[in-house]
Amino acid sequence: MNLTQTLEIIPAAVIGLTVHEFSHAYAAYRLGDTTAKELGRVSLNPLKHIDWIGFFLIVVAGFGWAKPVTFNPQNLKNKHRDEILISIAGPLSNLILAILFFVIARILYFVSFFNGTDLGLWIINLIVLWGVINIALFIFNLIPLPPLDGSHVYLTYIQDINPKLMVNLYKYGTAVLFAIIIGESWLHINILHISEMINAVSYIFLRMLAFPG
């Protein structure tokens, strides 16, 4: 990845991660827990959410994370349901953000400047790229491995039944996750076919918007 590509990715990563974590925090707040709000996480300030190691990995590898949002399950009205809702709020926000970027890019095709100049087409393609990056955040976070959001669909139940198992899942799940990142990004081994899923989902939405090409 060259410097130009890196600079193109950074804004999308900042926006995507910020909205993702804000959505977790806001969902927790709306569902009755004020922990994230008290910690300043119900905010669209990127500095409240960015984990610099996770951010670096997104830029260089295409996969990464932000600071996890802390919440107290005991403050939730329906513990299991609300934990799942808080968890899916992040990935869902990235999907919505991706669709928004795709719609903006499609609208710009109707503006002669954007559709008729090299600079305009570059801007359109850049916005599409930002949409694809948010699709990547959406799909990556649905992987059912701790500490990703997809794991909370079942971990919220396991922690009550077998706390030791949950600790082991977090311990080894993170190691497996790093192995997947290295395999998919740097060794080009299709372990979960993440890149193919990102391309397929992006293509579906772009075709639904009758995007040229």
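The backbone N, Cα and C atoms fix where each Cβ goes, glycine too.
Nobody curates TrEMBL annotations by hand; they come from automatic prediction.
Keep in mind it's a predicted model, so treat the numbers as computed, not measured.
These come from TrEMBL:
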DOMAIN    14-110  domain 'Peptidase M50'
TRANSMEM  49-66  transmembrane segment
TRANSMEM  86-109  transmembrane segment
TRANSMEM  121-143  transmembrane segment
DOMAIN    123-176  domain 'Peptidase M50'
TRANSMEM  169-187  transmembrane segment
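Outside the transmembrane segment (169-187) by six or more residues, the chain places 57, 61-63, 143, 145-148, 151, 155, 158, 194-195 with a CB less than 8 A from a CB of the stretch.
Beyond the ends of the transmembrane segment (49-66), by six or more residues, the same chain brings 1, 6, 9-10, 13-14, 17-18, 20-22, 41, 43, 136, 140, 147-148, 181, 184-186, 194 to within a C-beta distance below 8 angstroms of the stretch. Break the domain 'Peptidase M50' (14-110) down by DSSP state and the numbers are 67 helix, 0 strand, 30 coil. Helix first, then strand, then coil: DSSP counts for the domain 'Peptidase M50' (123-176) stand at 46 helix, 0 strand, 8 coil. Remote same-chain partners of the transmembrane segment (121-143), defined as residues 6 or more beyond its termini with a Cβ less than 8 Å from a stretch Cβ, comprise 8-9, 11-13, 15-17, 20, 62-63, 90-92, 94-95, 97-102, 104-105, 108-109, 114-115, 149-151, 177, 180, 192, 194, 197-198, 201-202, 205-206, 211.
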